[in-house]
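To start, the structure itself, in structure tokens.
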Amino acid sequence: MRFAITSKGDSKSNTLMHKMKSYLLDFNLIYDDEQPDIVISVGGDGTLLYAFHRYSSRLDKTAFVGVHTGHLGFYADWVPEEIEKLVIAIAKTPFQVVEYPLLEVIVRYQNGGRETRYLALNESTVKAVNGTFVMDVEIRGQHFERFRGDGLCLSTPSGSTAYNKALGGAILHPSLPAIQLAEMASINNKVFRTVGSPLVLPAHHACLLKPVNEPDFKITIDHLSLLHKDVKSIQFRVADEKIRFARFRPFPFWKRVHDSFVAD
Ligand code: NAD
């Protein structure tokens, strides 16, 4: 089996990375950071987001596992004290894989039919560059509302505990093939109206945003933030691809939610 390890880059994560690498080499696993079967991320959720984007072209062949060197992460749920156990599990057992849904984002531009496609593990947010963000929101080909406000956030089920949660969105179990649309400070008064509630869309319902006036936007894909000019539309739907997590022990999603947000 071929493995790769990504580190957050701080000294604690780097030391752990080198230790795990040497243990796994001792078990005759092959280090291959181009075509790994398993990627071990050492750091936090941000490190796993980075690893996901680094290997997003081979999601069907690569599984991910996260070790956290700070606080408990949603994607990084192994602690440094457990790495010997984790290394033995990786080296000895055919591991179980759990798949989580991803968000597909397609940005289309006004000129020339050009488009860019992204995959997000947590979410994509769209904000205006200048002035109020105004977008027509279409769901499954039907006009839904004209949104005015700070922006919109489209999240995956596993990303629902991240930015989406801070926006008042619901927490979705990652076994649900769905995406969630959450508002960022919508303008609601006698003139302008939005639904005001987060919406959960199933896999066959795409959400399309169409600029009303200003065509330049700041679009984030997880931790990446990009300026897009002359945008014609932005389409969001559940991606065909999934992320595969290597599971070596049960750690139920609701327990992770409890341990992260309610109590240790
Ligand atoms: P970061 O390191 O500042 O991470 C922010 C926090 O989000 C960290 O505590 C991390 O553990 C947590 N986080 C990441 N994914 C999570 C998940 N799926 N469930 C629960 N918590 C999660 O920044 P980064 O590493 O660049 O991470 C980018 C992420 O930060 C974005 O994907 C977004 O979800 C999140 N974010 C949150 C807010 C907010 O809550 N207001 C604002 C901006 C970005």
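Cβ from N, Cα, C; glycine included.
For reference, TrEMBL has these:
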- Asp45: active site, proton acceptor (ACT_SITE)
- Asp45, Gly46, Asn122, Glu123, Arg148, Asp150, Ala185: NAD(+) binding site (BINDING)
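A simple way to gauge crowding: the CB of Gly46 (NAD(+) binding site) has 17 other CB atoms within 10 angstroms, across all the protein chains here.
Ligand 1 lies under 6 Å from the Cβ of Asp45, Asn122, out of the recorded positions Asp45, Asn122, Ala185.
Here Asn122 (NAD(+) binding site) comes close to Leu49, Ser155, Thr156, Ser158, Gly159, Ala162, Tyr163, Asp222: these same-chain residues lie at least six apart in sequence, with C-beta atoms under 8 angstroms from its C-beta.
DSSP assigns Asn122 (NAD(+) binding site) to coil in the three-state reduction, outside any helix or strand. Minimal Cβ crowding within 10 Å, among the recorded positions Asp45, Glu123, Asp150, is found at Asp150. Spanning the listed NAD(+) site, residues Asp45, Gly46, Asn122, Glu123, Arg148, Asp150, Ala185 have a farthest Cα to Cα distance of 31 Å. Here the C-alpha separation of Arg148 (NAD(+) binding site) and Asp45 (active site, proton acceptor) works out to 31 Å. On its own chain, Ala185 (NAD(+) binding site) has Gly149, Asp150 as residues at least 6 apart in sequence with a Cβ closer than 8 Å to its own Cβ. Asp45 (active site, proton acceptor) and Glu123 (NAD(+) binding site) are 13 Å apart (CA-CA, integer value). Cβ neighbour count for Arg148 (NAD(+) binding site) (all protein chains, 10 Å cutoff from its Cβ): 20.
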